[in-house]
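Asks: Okay, handing you the structure first.
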């Protein structure tokens, strides 16, 4: 389906919620441009731009990157897209960022993927990696033939620090604390749509149906500001 009117959407969801997969399906199905704040931050850090160096300094010191810096970076990228329909992923993360985005664009829909934290913990803590080759195993649905060993070399598998139960729990709690006010902000504006489930392939049909209806002729307001 091709989007024929300007449509601007935000997708939210904790790490491991399947947000990347759903975003990719939305992009391909509805031909929206997909803007990931994480990709933009990494690109600026790798290119050693002025903002990239500033962000790296904050990260290295364990500090949060200031709201206005991230906001400025994202808004520049969105302006570069011109009169396009897009899906924004990973931004906004604070109410202040959401307000700045609203000042520049009318956000038509905010999609929130509501996946139980226990499901996410099981997904992430089941991942084991063979570091030399990058082969990834999942003890739930793609286990190695011999527990703890790589299928090809027989070398030991390791779990990334980000995927240990303790780290995953901390990440999920931090996400919840940070984003709950943003969800409330969009709920109060009447644009928040929540999709709950434990499997991406079961959540996706509901997202697809919702967006198909939302983008049907006559069911959509003009995007307005930009």
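In case you wondered, yes, glycine gets a Cβ from its N, Cα and C as well.
All TrEMBL annotations are machine predictions without curation.
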Asks: Of the ranges 36-65, 66-95, which one does TrEMBL flag as region 'NMPbind'?
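Replies: Comparing 36-65, 66-95 with TrEMBL, region 'NMPbind' matches 36-65.
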Asks: Can you tell me the CA-to-CA distance separating residue 93 (AMP binding site) and residue 20 (GTP binding site), as a whole number of Å?
Replies: 16
Asks: Going by Cα-Cα distance, which of the binding-site residues (37, 63, 65, 91, 160) sits nearest to residue 16 (GTP binding site)?
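Replies: Its closest listed neighbour, by Cα, is 160.
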Asks: Report the mean pLDDT of the predicted model across the region 'LID' (126-163), rounded to a whole number.
Replies: 91
